[in-house]
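**Q** Pulled these from TrEMBL:
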- 10-263: domain 'YjeF C-terminal' (DOMAIN)
- GLY108, ASN157, ARG158, ASN159, GLU160, SER161, GLU162, LYS163, ASP207: (6S)-NADPHX binding site (BINDING)
- 178-182, 197-206: ATP binding site (BINDING)
Amino acid sequence: MEPKNHEICKLSKNYKIPKKCTKTDYKTSSGVLLLIGGCDLYVGAPCYVSKAAYATGIDLCYILCDGCALIPLKTLLPECIILSFDQFELEKHTFILERVTCCVLGSGLGRLNERVEAVISELIGRIRVPLIVDGDGLYLWDKMNFTYFDTVIFTPNRNESEKYLKNVDLKKDIVLKKGPVDIITYVDSKITINSNSGLRRCGGIGDVLCGVLASLVNVYEDKMLACKYASLIVRKASYAVYKKMGRSTMPTNIISEICAMRL
């Protein structure tokens, strides 16, 4: 059954993020991201998320990761504040939870032991900010059956949308399904994004989308709009890079193109 409100859209050539930088801005005024992800197998995912978030204007990024990923991430991301699950103490680091304005769960997270699952469950229960669930976070969300009291945005690819999302409540949650055409659904609304995008399907592009979205949820009160523009920006950037580089396109090139767009 077709949703009542169905929009098909493309990005305006002169699109600019509506929140402008001003002389009165201070660190954290454009958003603080908490990223929960990174393990021995997957270090690239949190790198791309954080770099894309910075490229789109976020001010600060905290990363909570597996101990195996701690040193690689600190080396690759000197601009981020990074703790391992073993180092994180809820009471000691309450100030982090009080500062964050958005959270990404799952980028490069891998599979967790019960102790770490309990840490994440308690942490998720403490924050009240827009939450983006991606990658291994989708598996964890289905397994743990979290209760969350703010907006949750799920960002599955085609395979993940078929395997997970058993606990999605479309009366309050948003699904941004990534693919050749991106589809955003919420309650009885649907947005189809069929603008040009690069044909390269390498790993990491979905992480770039998560980072852009993490920044834009701080800009738009309407989180459907944040999803819409995040999708459009990444598609436009990937298309521009693909036209120049073809098969050589990498996520780092797409992030550089987003920077060059001067949003």
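Placed from the backbone N, Cα and C atoms, the Cβ positions cover glycine too.
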**Q** Given that the record lists GLY108, ASN157, ARG158, ASN159, GLU160, SER161, GLU162, LYS163, ASP207 as binding (6S)-NADPHX, what is the largest C-alpha to C-alpha distance among them, in Å?
**A** 19
**Q** How many Å separate the Cα atoms of GLU160 ((6S)-NADPHX binding site) and LYS178 (ATP binding site)?
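**A** With the alpha carbons as reference points, the distance is 10 Å.
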**Q** Output, ordered by sequence, the same-chain residues six or more apart from ARG200 (ATP binding site) with a CB under 8 Å from its CB, or 'none'.
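**A** The list for ARG200 (ATP binding site) reads SER238, TYR242, GLY246, ARG247, THR249, given in order along the sequence.
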**Q** Of the binding-site residues ASP182, GLY198, CYS202, which one has its Cα closest to the Cα of GLY108 ((6S)-NADPHX binding site)?
**A** CYS202
**Q** Would you say which of the binding-site residues GLY108, GLY198 has the most Cβ atoms within 10 Å of its own Cβ?
**A** GLY108
**Q** Other Cβ atoms within 10 Å is the metric here; tell me which of the binding-site residues GLU160, GLU162, ASP182, ASP207 scores highest.
**A** ASP207
**Q** Can you tell which of ARG158, LYS178 has the most other C-beta atoms within 10 Å, given these are the binding-site residues?
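**A** Output for this query is LYS178.
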**Q** Using Cα coordinates, what distance in whole Å links GLY204 (ATP binding site) and ARG158 ((6S)-NADPHX binding site)?
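**A** ARG158 ((6S)-NADPHX binding site) has its Cα 15 Å from the Cα of GLY204 (ATP binding site).
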**Q** Within the chain of GLY206 (ATP binding site), which residues six or more apart in sequence place their C-beta under 8 angstroms from its C-beta?
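**A** Set apart from GLY206 (ATP binding site) by at least 6 residues yet with Cβ under 8 Å, we have ASP134, GLY135, THR155, ASN157, LYS178.
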**Q** For a quick check of packing: other C-beta atoms within 10 Å of the C-beta of CYS202 (ATP binding site), how many?
**A** 12
